[in-house]
Each structure stands twice: as C-alpha cells, then as structure tokens.
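A short write-up of the structure that comes next.
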Amino acid sequence: MGSLSPAISSKLLLPTTTSDRTSFHALIRSSFPCRGERPNMIGVYKRTRCVASAEKNSKSAIDFSDPEWKTKFEEDFEKRFNIPHMRDFFPDAVSYPSTFCLRMRTPVSEEFAQGYPSDEEWHGYINNNDRVLLKVIRYSSPTSAGAECIDPNCTWVEQWIHRAGPREKIYFKPEDVKAAIITCGGLCPGLNDVIRQIVITLEIYGVKKIVGIPFGYRGFGNKLSEIPLSRKVVQNVHLSGGSLLGVSRGGPNVSEIVDSMQERGINMLFVLGGNGTHAGANAIHDELIKRGLKVAVVGVPKTIDNDILLMDKTFGFDTAVEEAQRAINSAYIEAHSAYRGVGIVKLMGRSSGFIAMQAALASGQIDICLIPEVPFELHGPHGVLKHLKYLLETKGSAVICVAEGAGQNFVEKTNAKDASGNVVLGDIGVHIQQEIKKYFKEIGDPADVKYIDPTYMIRACRANASDGILCTVLGQNAVHGAFAGYSGITVGICNTHYVYLPIPQVISYPRTVDPNSRMWHRCLTSTGQPDFI
C-alpha cells in the first residue's frame, strides 16, 4: 500500500503539536488511530473498538430510542461525506463554462471571443446533485453473512455519496493552470496508466503547463527538476510497469511542500498513493486553505493490497491477483511433482489479506490460505501442520498461500521501521517453511518444501486490461474533480460507479477482509481448510 510520508507534518493534523517537523510515528497514530485493530466498515452494528472510537470523535453516539435517529444519522452522514469545494473557502470564486466537451474537436486556445466554448446541447455533464448509493444490500439480521448494520434491527438507511465526472461549470481557467502529478509509496501496476490519462484529460480541458514531480513528496523538498508532461511524452508510457515519475517514501514537512508549490506556481496537484499518501494530500489541502491559496488537491488511491475503505477495489489489485497465479502455479507444479511436496507462496498484504484470498480463489490450486485477519495456530491438534500432514497422506502434496502480514505472532519482533514508519515485518513465509521441515523431520517423514516470494515481480509489471480500464477512468475523473472546484478529495469506484469521497473518510484505518464475509467463506469452500484454532 502507499506509504505515509514523513513529509506530512502532524502539525496540521494534531493541533497540540507545535514543532514544524514531528516524528513519523506520531503522524501514523494521528491518521490511523487504531491501525492494529481489524474493524468492519464505518457505521456498522457490533463494531470493533477501533471503529467505535473513530466515530466517537466525529459524532455523538446514536440513541436508537430516539424516533428521529435515522434522520439524524442520514444528516450526519451527508455532512461527513460532503466533499470540499472551492466556494466553501472562497465564496467569491468565479465559475466558467466548461472547456471539456467531446463534440468540440479543435484544440483549446486562449483566443475565444465569447470566453469558453460550451455546448448546451451536450448531455455529457454530471449534475452536482447526482449521488451514488454506498450500500446496496439490505440485510435483515446482524447475523447474516457479512452484515453491516447500523442498529440492532438492521434498519435500512440510505447512504449517498457524490458521483464523479465532468461538470458544466469549472473553477479554473485552463490557461492559468499549472498541474503537477506525484506518485508516492511503492510501485503498483497502473501508475503510468493513471499519469497518462491525467495528462490527456488536462490537455482536452486546454491546460498547457503539466509537470511531474519526481520521486513523490521528496521531489518538493530536494528541489528536483520538474518533468514536463504532454500527450506526446506519455503516449506509450502505459505499456511499461513502474512509474515514469519515480516513487519514494519520506520527504519534507507540509509547510515546505506548500512553499515549494507556491514557488513553482502549482494550482492543481494530483497525488497517487495509498492511505498514508492520502493523509499527506489531506494535510497539504488543509495548509493551502489556511494560507488562502486556491489550489485543487485530488488523490487517486493506489495500493495493490486493496485496503482503501469504501471502494470496490483500487487499481493494481486485479493485476496483482493475476500475476500471483504464475507463482501459485509454479508452486503447485513443484509440489505436485515432488514426493510429499509442499509449495509455499507469500503474497503482499501487510494488514489486509485480499490478494491472498482472491489469488487462492482464482487459482483453485491452494489448499491452505492464511491472512492477517484470521488467527491460526501452527502446532497442536487443530494447527496448520496437523492439517498439512493430513493433506500429504491423502493427496500427496499441498500448496499454501500466505499474506505477508499473517502470523506475525510467530516470528521474531523487530523494532526496525521502513522510511514510512511501518514496522518491518518478519518473514512468515520463511518461518512456515522452516517449521514444516522441522515438523516432518521430527515425525520421521520429511517433506520436500519449496518457497516462492514473487512480491516485487507482482508490483513491477504493467497493468492488465481490467486495471487499465480502471486507471483510465480514475485519471479522467481526478481531472474532472479538480476543474469542478473540488479539493481534499479522492476518486474511487463504489458499487461499479465512480465517486468522489472526502479524504478523511477513506484513511481512518486500512480496509480488511471480514472473516464472516461471503468472499472469505467462498475461499474456505475452495481450499477445504478447517479453522486452525
């Protein structure tokens, strides 16, 4: 997932902090107060302490005895999910007819006799009052699989969020715009696809000054040279993996970033990254508003872990699942071809097991799937090793898929942290490999164990067709949102529709697999594994 950069000063997130540059770990705690918990979605009945605590800070507890509780909840939801607009902070902000019209094929120039071209007959614009329904399943009981209920009776409550797309009015003159794009955190399939579509869409609006800031937030602090971008530059960049702009973790504090933006004349910033990077984008947005600067900051969620709240999926995830198939198939062939063979594949997923779960479902070759959200024991009568013994006796071979964040209670703890402040995880894959060899050696019937870690192969490849489409639409909608005057937002897909969400609502904590969800139950049905407790 994207990393929370030391670039982000908690001075803006924590009013009690006075230093210009605070520790990264303080910011992690301020942005993800319950990172270690495994909550369900915001606003559900039988919530974990994490969600309850997070909601307590944003609104008072719901009194279900109040006959008006449903109306009050809907009003509070609408308030929390209202997306910031330029006119909220600059009441005198001027709007202009949109320069985005697909019936006009000539390039936009600065010489319009009547201002900006507008085709009143073109019905391709989104109305500002258009909404998308956040939840589409009406659960009848909290005990239903995957139920997300607000009250004990699972009362149906409509929760609407803003539809993404081009608006008829824009709040920036294209000739006055200098747009910048940054990619933060680790690599992810589809980064170049999003960059390409942002550039192409900006040019359709008429923007001439488009730059890339190299190496994420660090590019602002190190005064690295901007990378000029145009359709010609990005035309074929999506055919390669990685990032045209480079990625990094860490960087300067928010004040320095905004200073650099002012010096460069940037008034549109597109930030590609995960939870942490989005926390940074939100802090930058807050600082810009505090300084009275009319700048649009729009995020595009990037994480192959698929751990961004409220969204169907994030770009790169489908490609990661597809690429994982090659590693799983190799592990299967190794295991199936050996006498008492065991194949182990470790996939990415620090706190969320979506890749491991979906990859196991897609392959049909996994016998045991281990994810961070579901605890397990290695030893004992119900442990993984006991079941593995059964598999070797009955099938002759077995394949295990494990997420990198699973079973961290079995590996040696470390105080080491990466540049983003994330604790460096112990290698659960190697640990399981060693434990399997040790266990079968002790019972006098050794197993042939092969371990595959395709982590960096998966994230460095180009996006597949599914992700390519997702990246295209996300990039286009990011530009539409910025020109429409929105800032401090991110764009995503919800119930197959594209939406704008306020950044604070999607970075409260990482999205995780619900062990009572139908998808996890489908995975268990596919693998045939028991509970390992």
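Including glycine, each Cβ sits where the backbone N, Cα and C put it.
Note: TrEMBL annotation is automatic and uncurated.
Copied over from TrEMBL, here are the features:
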type	residues	note
DOMAIN	179-480	domain 'Phosphofructokinase'
BINDING	Gly186, Arg249, Gly250, Gly274, Asn275, Gly276, Thr277	ATP binding site
BINDING	Asn275	Mg(2+) binding site
SITE	Gly276	site 'Important for substrate specificity'
BINDING	Thr303, Ile304, Asp305, Met348, Gly349, Arg350, Glu404, Tyr456, Met457, Ile458, Arg459	substrate binding site
ACT_SITE	Asp305	active site, proton acceptor
Between Gly250 (ATP binding site) and Glu404 (substrate binding site), how many Å separate their Cα atoms?
22
Quick note, Asp305 (substrate binding site) and Gly186 (ATP binding site): C-alpha atoms separated, nearest Å, by 11
Going by C-alpha positions, which of the binding-site residues (Arg249, Gly274, Asn275, Gly276, Thr277) is nearest Thr303 (substrate binding site)?
Gly274
Near Glu404 (substrate binding site), which residues of its own chain have a C-beta under 8 A away, given they sit six or more steps off in sequence?
Lys346, Leu347, Met348, Gly349, Arg350, Leu425, Ile428, Gly429, Thr455
Other CB atoms within 10 A, centred on Thr277 (ATP binding site):
33
Gly186, Arg249, Gly274, Asn275, Gly276, Thr277 filtered to the binding-site residues whose C-alpha is within 10 Å of Arg459 (substrate binding site)
Gly186
What is the nearest of the binding-site residues Gly186, Arg249, Asn275, Gly276, Thr277 to Met457 (substrate binding site), using the Cα of each?
Gly186
